[in-house]
Amino acid sequence: MNLRFTKMHGLGNDFMVIDGIRQSLPETGLPLPADEIRRLADRKFGVGFDQMLIVQPAQGDADFRYRILNADGSEVSQCGNGARCFARFVREQGLTDKKSIRVETAAGQMTLSVTDDDQITVDMGAPRWAPDAIPMTAKAEADNYFLVSGTQAWDVGAVGLGNPHCTLLVENVDTAPVDTVGPLLESHEQFPERANVGFMQIVSRNEIRLRVYERGAGETLACGSGACAAVVIGQRRDWLDDTVTVHLPGGTLHVCYDGQGGIQMTGPASHVYDGAIEIAL
């Protein structure tokens with residue numbers, strides 16, 4: 001099968017975006033076999049991407065269905081940077097001309113809003129603090145948790161945003177142990193579905209620096225849901241105000257949350273190229 005796709009990125013968090021409305025994909029299980037996704041994600045032998053995004057017809061009253069597949073072939077429920085690229089893709093491809101787009105995800109419905117300066121705001125929904133909603137194993141909901149591995153322990157905040165997130169405070173993100181601590185906490189036994197791990201440096205009450213080790217992808221240049229998680233965790237511990245600028249290795253996002261409704265995350269989405277590749281189904 002000749003598969004048409006568009007390569008996009010949100011602050012360097014890159015995606016292979018596939019129109020599953022105007023071209024046929026398998027109807028059962030994953031939109032593509034996991035081994036085929038891993039091959040396509042390979043940066044030397046495939047297209048190369050952090051996540052694959054699939055545009056599908058909505059099953060309910062939304063405009064589209066939005067599916068996200070990690071580079072390892074696993075499916076996840078949420079990706080903020082991907083959501084911004086999704087909004088730009090469906091408009092550029094002529095699938096809609098709406099500036100407010102409702103999409104179905106495995107975590108529920110979300111709204112994507114395109115501004116006049118082509119920035120895109122994503123309503124990421126309300127944070128979920130209860131351990132079973134993150135999900136993580138803990139006796140009770142808390143502002144922070146101590147995760148132990150061997151002789152080491154880390155003080156983290158944890159929240160569910162469709163995906164499980166934990167965030168720890170560091171003095172300097174440039175020297176943070178992302179490559180070593182990231183995998184340990186991602187697969188920590190208290191996260192039954194694994195977790196995205198954020199390393200947050202606070203610059204001021206309205207500004208942070210952040211690096212994120214994503215489950216199923218490793219460290220990425222940006223993580224929209226990770227930025228939202230870091231902000232609300234910082235707010236919960238009275239470190240941050242309602243509106244926060246988040247500097248990631250790939251660029252800057254703006255996150256707003258006043259404790260009511262959903263977290264609002266704003267940033268760009270970039271179109272890199274269109275292509276086609278032969279795949280075996």
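Each residue, glycine too, has its Cβ placed from N, Cα and C.
Around ASN70 (substrate binding site), a 10 Å sphere centred on its CB holds 22 further CB atoms from the protein chains shown. Residues annotated as substrate binding site in Swiss-Prot: ASN13, GLN51, ASN70, GLY80, ASN81, ASN163, ASN196, GLU214, ARG215, GLY224, SER225.
Under the heading active site, proton donor, Swiss-Prot lists CYS79. Other Cβ atoms within 10 Å of the Cβ of CYS79 (active site, proton donor), summed over all protein chains shown, number 31.
Its Cβ taken as reference, CYS223 (active site, proton acceptor) is surrounded by 33 other Cβ atoms within 10 Å in the chains shown. According to Swiss-Prot, the feature active site, proton acceptor maps to CYS223.
Per Swiss-Prot, site 'Important for dimerization' is recorded for TYR273, and the stated evidence type is sequence analysis. Sequence-distant contacts (6 or more apart, same chain, Cβ under 8 Å) of TYR273 (site 'Important for dimerization') comprise THR6, LYS7. According to DSSP, TYR273 (site 'Important for dimerization') is assigned to a strand segment.
Applying an 8 A CB threshold to same-chain residues 6+ apart, the list for ARG215 (substrate binding site) reads ASN70, SER74, VAL76, ASN163, PRO164, GLU186, ARG194, ALA195, ASN196. Around ASN13 (substrate binding site), the C-beta neighbours below 8 angstroms that are at least 6 residues distant in the chain are ASP50, GLN51, ASN81, GLY82, THR220, LEU221, ALA222, CYS223, GLY224, GLY250. Of all Cα pairs drawn from ASN13, GLN51, ASN70, GLY80, ASN81, ASN163, ASN196, GLU214, ARG215, GLY224, SER225, which the record names as binding substrate, the longest spans 17 Å. For the recorded site, ASN13 (substrate binding site), the DSSP three-state label reads strand.
Around the Cβ of SER225 (substrate binding site), the same chain contributes GLN78, CYS79, GLY80, MET124, LEU161, GLY162, ASN163, HIS165, ASN196, each under 8 angstroms and 6 or more positions distant in sequence.
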